[in-house]
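J.: The structure is given below, and queries will be raised subsequently.
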Amino acid sequence: MNTLKYKTIRAWEIFLLSVITVFGIGSQYFTNISYSLNQGLIQSSFDLESKYLIVPAVLANFAFAFGVPFGHLFTHRLSFKKNYILFIAIFLVASILCASTNNIYLLTIGKCIQGLSTGVLFFTTLPQAWHIFPKRYKNVFLFMIIVGLFGANALGGVSGSFSIETEEWRWLYYVNIASAIICILIALFALKDDHHVETKPYPYDLPEVIVLAIFATTLAATSAMLPVLGASSPWFISFAVISFILLIFFIILNIKAEHPIVHFHTLYEAKPMVGAVMAISSHLTLVIALAGINIFLLRILNMPPHDVLYFYLFFLFGVILSGSIKMLTYSALGAGVLGVLGSIAMLYVSIHWRIIGIDVSKDALYIHAFLLGFGISITLVSGAMATLLDGPLEKASHRSNTMHTIRNYMGAILIACLAWFISRDLQTHLPKTFNSKAEAMKLIHETSLNTVHHVFNIMIVFNIIMLLASIVQMFLGKGRRIVAKKKKA
C-alpha cells in the first residue's frame, strides 16, 4: 500500500513539474510566434512604422538568451521552488504590463522582462524535470519537451491567427497572465523545498558576469539598430565594433575564469560539438522558416486567418509525431539517424519553398507545415540530447547550458539580420516611381515573392548544415542511451 501511495505521489509530482515547465517556458515561445503574426494589429494600435515593430522582438530574444546561463546559479542560491516562484512572478508582472500598456516603450520593457525571466526559468525547470523522471521513463521526458515546447510555438501560431481574425491582440498576454498564476499556485502548494533544493554552492566569476551583461546589452542594442538604421549607419557600426571588442574580452575572461558562467570547453569533444551544431542549425532554420512563411502566408497569399490557423495545427501534428517517434526510438537509433530523418524532411520543405508561388495549394502548405514541425523538432532535440549525454556525465549540465546559450544568442542575432535583409532586399529591387497603382501593387507583390525566395535560399544553407552534422553524428555512433537496455532474464 505504501509503495502504491509513493508511486501515486511521485506520478503527481512528475505531472505537476511537467506542467509548470511547459507553462513557464512555453509562454515565451507562444508569445514570440503570436507577436510575429500580430505585428499589423500592433502597428495599428501604436501608430508606428513597421520597421520599429521588430525591436521589441529582438530585445526580448536577447533578454531570454542572457537569462539562460543563470538558471543553474539562481537555483543553487535560492532553491528550485523559491527561484521558480520569483521568476514566474516577474513574468506575471511583465505580462500585466504588456497587456495594459498603450506605449511601445513599455511594451518593449515588458517583453524584455518576460524574456529574461523565462530565460532563467529555461535552465531552472528543464534540469529539474530531467532528474525527476525515473530512469526507465526518461524517454517520456523527450515527448514532454518536444510536444510541450514546440507545441507552444504551434499554439502561438494558432492563437496569433485567431487574434488576426478577431482583430484583438492583448488577450494573448491575458493568457500569459493566467498561465503564470496557475504556475505560481502549483509551485506554492505542490512543490516542497526539501525535494527541490541544491545544497552545494555554485561559484561564479563576478567580472565575467559583469562583462557578459555589458556585452549582451551592447549586442542587443546593435542588433536592434540594424533593421531600423541600416548596416551603413555610424551608430550601428560603432556599436558593432564595441560589441566585437567586448566579445573578445569576454572570451579571454572565460578562458581564464576558474568558475566560468558559460562552459565553452565542455563542447570540445566530437559528439557533443556535432550535437550542438545540429541543435543550433535546426533552431536557426526554424527562425528563417517562420519569418519567410509568415510573410508569404499573410502578405503575399493574403491567406484567411482560419487557414493560417490550420497551417499551425498541422505544424503541431508534426511535432506530436516527432515526440512519439523520439520517445520510442531514440535509445535504439541514436541522435544521428533521427537527425538525418528530420533534416531530410526539412530539406523537402526548403526546396519546395525556394520555388513556392501563389499557385501553391492549401493541402501542399499543410503538408509542408507538418514536415516543418516534425523535422525541426526531431533534429533539434536529437542534437540537444547528444550534447547532453555524449561526454562525461558530471559535465552534462554545463554542456547543455552552453549549447542553449549559444543557440539563443545566435537566434536573436538572426532575427535582426533577417528583418534588415528583408527590408533591404525589398527596397533594392522596388522601383522608386510607378505609372499606376495597379502597376505598383503588381511590382510590390512580385518583389515580395522574390524576397521570400531569397530568405528560403538562406534556409537551405542552414538546412544542409543540419543534415551534414546529423550524418557526421550518425557515423560517430549512437552514443549513450537515454533508457538503460533491459537485461535478459
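Cβ coordinates are placed from backbone N, Cα and C, and glycine is handled just like the others.
Unlike curated records, TrEMBL annotations are generated automatically.
These came from TrEMBL, pasted as-is:
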type: TRANSMEM; residues: 12-31; note: transmembrane segment
type: DOMAIN; residues: 14-481; note: domain 'Major facilitator superfamily (MFS) profile'
type: TRANSMEM; residues: 51-72; note: transmembrane segment
type: TRANSMEM; residues: 84-107; note: transmembrane segment
type: TRANSMEM; residues: 140-159; note: transmembrane segment
type: TRANSMEM; residues: 171-189; note: transmembrane segment
type: TRANSMEM; residues: 209-229; note: transmembrane segment
type: TRANSMEM; residues: 235-255; note: transmembrane segment
type: TRANSMEM; residues: 309-325; note: transmembrane segment
type: TRANSMEM; residues: 332-353; note: transmembrane segment
type: TRANSMEM; residues: 365-386; note: transmembrane segment
type: TRANSMEM; residues: 406-423; note: transmembrane segment
type: TRANSMEM; residues: 455-476; note: transmembrane segment
J.: Is it true that the transmembrane segment (406-423) and the transmembrane segment (209-229) have 3 or more CB pairs under 8 Å, sequence gap of 6 or more?
T.: yes
J.: Where else in the chain does the transmembrane segment (235-255) make close Cβ contacts, counting only residues six or more beyond its ends and a cut-off under 8 Å?
T.: 205, 207-208, 211-212, 214-215, 218-219, 221-222, 225-226, 229, 261-262, 264
J.: Test of understanding: applying the rule of at least three C-beta pairs under 8 Å (pairs 6 or more apart in sequence), is the transmembrane segment (84-107) touching the transmembrane segment (332-353)?
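T.: With fewer than 3 qualifying Cβ pairs, these stretches do not touch.
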J.: Verify whether three or more Cβ pairs under 8 angstroms connect the transmembrane segment (209-229) with the transmembrane segment (51-72), leaving out any pair fewer than 6 apart in sequence.
T.: yes
J.: Give me the stretch from 84-107, 171-189, 209-229, 309-325 with the greatest number of Cβ pairs under 8 Å to the transmembrane segment (365-386).
T.: 309-325
J.: How about long-range neighbours of the transmembrane segment (171-189): same chain, 6 or more residues beyond its ends, C-beta under 8 Å?
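T.: Apart from its flanks, the transmembrane segment (171-189) reaches 16, 19-20, 23-24, 27, 30-31, 34-35, 38, 81, 84-85, 88-89, 91-92, 95-96, 98-99, 114, 159-160, 163.
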J.: Determine which residues of the chain contact the transmembrane segment (209-229) at the Cβ level, with the cut-off under 8 Å and only residues 6 or more beyond its ends counted.
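T.: Hits for the transmembrane segment (209-229): 51-52, 54-55, 58-59, 62-63, 65-66, 69, 235-236, 239-240, 242-243, 246-247, 249-250, 253, 261-262, 409, 412-413, 415-417, 419-420, 423.
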